[in-house]
Amino acid sequence: MPEARSEVSPYDALLLLSFGGPEGPEDVVPFLENVTRGRGIPRERLEQVGQHYFRYGGVSPINEQNRRLLAAIREDFAAHGVDLPVYWGNRNWEPYLTDTLRAMAADGVRRVLVLATSAYASYSGCRQYRENLAESLDALAAEGEASEGPEGTAPLTVDKLRHFFNHPGFVEPMVDNVLAALDELPAAVREHAPLVFTTHSIPTSAADTSGAPEDPARAEGHPGGAYVAQHLDVARLVADGVRKATGTRRPWQLVYQSRSGAPHIPWLEPDICDHLEALHDDGVPGAVMVPIGFVSDHMEVVYDLDTEATAKARELRLPVARAATVGTDPRFTAAVRELVLERAAAERGEKPRRCALGALGPSHDLCPAGCCPAPRRPGAPEPRRAAAGVD
């Protein structure tokens with residue numbers, strides 16, 4: 001086996017696993033039906049929700065962002081002699097995960113390493129992707145059992161890369177992006193502008209049980225569990241990096257965006273727009289919004305921050321700038337390569353260096369039993385089986 005291939009052994013391919021999004025107006029409602037499957041939401045309501053997408057021609061930015069990330073990872077791998085094909089599959093839209101795994105099996109892939117486009121621990125950002133993997137693998141197994149002869153689908157084994165929220169290749173680009181956003185503010189307000197770190201709000205019940213059962217934030221009952229603890233750690237790292245670069249210590253706060261669901265169910269707060277109002281009331285001259293919860297500038301960033309929150313700031317006459325997400329920053333694609341080689345080495349029984357900044361250290365490679373369980377509702381079915389973990 002060539003040396004370049006042996007460093008990724010035992011893996012045959014990397015799978016970029018993401019959420020998916022519509023590619024045109026006719027896709028919007030079917031896409032939302034996929035997202036809300038099993039919840040009984042009427043089509044009329046989905047058409048209302050879809051206005052965010054219709055505003056942008058029915059096209060979600062996430063697909064083009066993932067195509068660019070896919071190309072950037074492949075380019076980085078090629079430049080560094082990493083002989084590992086990279087595929088792309090989605091939870092809710094084409095290319096669907098099951099179709100991608102089927103194609104991988106047909107290409108002779110047997111051992112798959114998965115990169116989910118979510119950096120933090122939560123049900124929707126980790127466990128649900130693992131459930132999607134298990135469901136797709138079961139579907140392929142059923143197809144294989146129904147086929148006769150060599151055309152049957154061969155089994156695949158999947159592992160998932162660890163959470164990368166505190167990897168230097170994720171954190172350091174965000175520091176530079178904040179510095180660039182500060183330069184966009186008027187000079188008169190720049191020095192005293194606080195940092196407003198944003199991420200996707202989730203139900204407090206899901207946040208409180210996020211992470212492994214033994215994670216201190218969850219085991220000790222800290223509100224928000226590992227999800228909030230990890231975001232706070234990244235916010236501190238980015239704020240400290242900005243302080244070192246500018247010589248100014250800025251106030252900062254973690255806030256939330258993109259809330260959905262029934263209004264009586266508690267979700268993480270404060271909301272970004274409410275926080276902007278509070279800053280205005282306190283006489284703050286301006287602010288920088290920093291979407292640390294997102295890998296790329298997809299719909300939650302483009303609409304909830306660039307459109308909705310920016311409109312609120314304009315109404316308040318509060319100057320704001322929004323820092324870019326990491327996207328295809330070369331340091332992030334290098335981090336993906338490092339994480340792949342790290343996990344491959346660990347699977348070969350080696351003890352690789354595991355890069356992580358901050359107080360929490362590197363995350364587990366294998367999700368333990370009870371990690372990021374699905375929120376339980378009255379009458380809900382038993383938890384679904386998940387791949388790439390203990391349970």
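Each residue, glycine too, has its Cβ placed from N, Cα and C.
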- Message: Suppose you had to name the range TrEMBL annotates as region 'Disordered'; which of 203-222, 243-262 would you pick?
- Response: 203-222
- Item | Whole-number Å value for how far Y129 (Fe-coproporphyrin III binding site) lies from H200 (Fe(2+) binding site) (Cα to Cα) | 16
- Message: Please list, in sequence order, the residues in the chain of S60 (Fe-coproporphyrin III binding site) that are at least six apart in sequence and whose C-beta is under 8 Å away from its C-beta.
- Response: G20, G21, P22, E23, F31, Y53, H298, M299
- Message: For H200 (Fe(2+) binding site), which of the three DSSP-derived states applies: helix, strand, or coil?
- Response: strand
- Query: Roughly how many angstrom lie between the C-alpha atoms of Y129 (Fe-coproporphyrin III binding site) and E300 (Fe(2+) binding site)?
  - Reply: 19
- Task: Determine, from DSSP, whether S60 (Fe-coproporphyrin III binding site) sits in helix, strand or coil.
- Result: coil
